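Annotated in TrEMBL:
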DOMAIN    3-116  domain 'Response regulatory'
MOD_RES   D56  4-aspartylphosphate
DOMAIN    151-258  domain 'HTH LytTR-type'
Amino acid sequence: MHKILIVEDEVPAKKKLIRFIDEICSDYQIVGEIPTVKDAMFFFSSPREIDVIFSDIELRDGNIFGVYKELSVPCPIIFVTAYNKFLMEAFETNGIAYLLKPYSKDRFSKAWEKFLKLKDQSQKNYQDVINTLNELLLKRQAGFTGYKEMFPIRSARGIYFLKVAEIVYFKAEDGLVFAFDHINKKHKMSHRTLKEVIELLDPDLFFSINRGELIHRKYIERIERYDKNTLLVNLNKGMFKLKTSQQKTATFNQWIGL
């Protein structure tokens, strides 16, 4: 049986976690649900048998990292947060995965699989596995992902580089592909099809909502019902409003974890 601790102060987020756990794992026990840093300090003040922690970072009364660092929590942690700025710190405190809200069931499953692989290792080499995993994840953050971090863009003045992190969405039109960045600037890509672009990007971050548009998860602000079978996705503070196709709506919902 997997003994799970949940550290989360938002009720909808906690319900989603429990739902995904229940759908993926048939043999588990939730040993605690902690909404505050104060409660976490009290909980860890005595020995606990825990296999894995699902933890938000910014709780209603502060940041949880102080607890994990001070008490040296001896089990892997899967962080679940709305902020990407804590990634490096997360993997310095037994983090094995970092789920950025809103996350999909597929991403949750991958994080769970990492935990299962760790649990299967003998206690003797547990810390070696943690260290190796941390090293790989830190390398990924540093740019060793295998996915594109930037695209070269030709202009009248030469070539400049467009960071993937700054791209809100890609659009295919008239046999060309354009990237639109966070300041609403349009960049002509050297690629001719969206398929070529998709193969270079992290599928956890980018999704093709229809035949001609590929969006970046980071910039999703709001999702509205457009009609019975399609959705309107508001990107970058409403700067862009794009519609899902009927064929892609269901898989889009799965991708964002609805």
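For all residues, glycine too, the Cβ spot is worked out from N, Cα and C.
Under 8 Å, Cβ to Cβ, and six or more positions away along its own chain, D56 (4-aspartylphosphate) finds V7, E8, D9, E10, A13, I64, F79, V80, T81.
In this model, the domain 'HTH LytTR-type' (151-258) carries an average pLDDT of 91.
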